[in-house]
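Contents: one structure, followed by commentary.
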Amino acid sequence: MATNGFTWIDYAIFTIVTAISCIVGLYFGLFSRQKTIEDYLFGGKNMKWFAVSISLTASALSSHSIVGLATEVYLHGSQVILMTFSIALASLANYFLYVPVFSNLKMTSIFEYLEMRFNGFLRKLIMLIAVGTYMCVLPLCMYTPSLTFSQATGVNLYIIASVMTCVCMLYTSLGGIKGVTWSDVVQLSITITLVIALIVMGIVSTGSVSEVIHRASDGDRLKIFDFNPDPTVRVSFWTILLGSTATSCVTLCTSPHEVQRYSTIPRRLIPRLIASYSTIYTLAKVLCMTLGLVMYAKYFDCDPKSIGAIKKADQVLPYFITELTTSIPGFNGLFLAAFFGSSLSIYSTLLNTLSGIVYNDIAPWIISEKLLRKAPSFIMKLLVVIFGLLSIAFIYLLENGGTVFELSYYVRGTTGGTMFGVFTLGVLLPFANSKGAFLGAIASVLLMGVIVVNNSIYVRNGFIHHSPKSLHTYGCNTTTFSNFTLNVTATPQPNFVLVVSSFVSVLRANRSNDHDSNRSCGQLGN
């Protein structure tokens, strides 16, 4: 039985791929030792560095990032490849500035550093900001792929969200950091394989690699370096160097879940971890950008949005996938499994880290030290379940209140730079004191809040608008596309080609807000 083009083969492939991730996590929960904090949160500190680097990449490369990067290159060209330089710079900063400090202290929570460096009050403040941020992000991780799956299959959104959340809670709670890490390895492998397959099929469809390069060059999609010093330019060498490097530092250097992973391997292997992580992360982003170039080469003389075949630019990738894979049974199921897998990677990582933060920084306020030491693994597993159930409840709020959806991204854009700034202040400025750190944190939250909110207002009112580079329609077979469009509008529920973009466009817009905010933060010297 097919629903909107989703057949039993698609259901079977989706189920099998998802089950593999769950089984991997359960394996480590059932057959590995998970009795102490060190076992549950840090994998006994003897995990495989290469697996951890892949897991970090999976946590950083979300599904809407893949769609967003490909669409960005399709519309605006390859300048975003300069982001790879920011990853390298952030990795160097992490290795020489942050890792030596955090690894030498042998902490179970990164927030312990703030108490050692400043005072307990600042530790609690920044920790609560981090917990609030994670709680805002968690429901979004599951909401977007659940909505996509619901629109593709007709399955109720709350049912699929609840089922997938329970699956993730199961392998995260039982498997601990080992289960999360190896599940991420499986999920990222599937996603990258899918992206490579799409690139190859796109090149074959276009004709050759040289033809892709020729068309991209003719369409001005290969221009990379723009040294225009104007800070209002959408993308230039300088805005990428400042803004994207600041954003990468926030992600790589002081994010609690990133720092936690550095503690899962012996200290002597951390250089290998950082080098492999930055390399794999960079290659993954380059693959997504390459996919955007291949998409442009295929539609260089017939942009599907310009002639009404699709409604939004974010629909180019799912349209591209559908056109290339119509004759391949089960590809829709594989694509949705990869889309879901990318979100599950982030979700499971945040759940595991959140349970560790609460256990180390909040639980001692309300639970006796004796009980905490007696059953640490059980308490953290219980915390994973509690936060998973709370995220399900928040999904209902997201569905029924758009302001909550927006608030989640406002919180992310506001708090990321603040946390990074406080940690950086402590690491780089030995003369800084707790009062200065506290006032700086408050000022940063207020300033970033103003920037994020005003940026959103300007975008919504059309004051900030960036036109794409030239898109053509002179090579279109208008009859074919007209028929396609009529078929889509006649379908009671969205066709698969339209499904993925429903909220990806919103996510990309909000991620753009975050990036603009962080870029501004970098320019202000936060």
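Our numbering is plain: 1 for the first residue shown, then up by one each step along the chain.
Cβ coordinates are placed from backbone N, Cα and C, and glycine is handled just like the others.
The transmembrane segment annotation in TrEMBL covers 6-28, 49-69, 81-105, 125-145, 157-174, 186-204, 235-253, 274-297, 334-358, 378-397, 409-431, 438-459.
When each of the listed stretches 81-105, 157-174, 186-204, 274-297, 334-358 is scored by C-beta pairs under 8 angstroms to the transmembrane segment (235-253), 81-105 comes out highest. Against the transmembrane segment (157-174), stretch 6-28 has more CB pairs under 8 A than any other of 6-28, 49-69, 81-105, 274-297, 438-459. By the Cβ criterion (distance under 8 Å, sequence gap of 6 or more), the transmembrane segment (334-358) is counted as touching the transmembrane segment (378-397), at least 3 such pairs being found. At the 8 Å Cβ threshold, with sequence separation of at least 6, the transmembrane segment (186-204) comes into contact with the transmembrane segment (49-69) through 3 or more pairs. Below 8 A, the CB atoms of the transmembrane segment (409-431) and the transmembrane segment (49-69) form no more than two pairs separated by six or more positions in the chain, fewer than 3 in all. Relative to the transmembrane segment (274-297), the listed stretch 49-69 leads the set 49-69, 81-105, 378-397, 438-459 in CB pairs under 8 A. Through the fold, the transmembrane segment (49-69) approaches residues 80, 141, 144-145, 180-182, 184-185, 187-189, 191, 195, 251, 257-258, 261, 264-265, 269, 272-273, 276-277, 280-281, 284-285, 288-289, 291-292, 314, 317, 338-340, 342-343, 345-346, 349, 500-501, 504, 507-508, 511 of its own chain, all at least 6 residues removed from its boundaries and within a Cβ separation under 8 Å.
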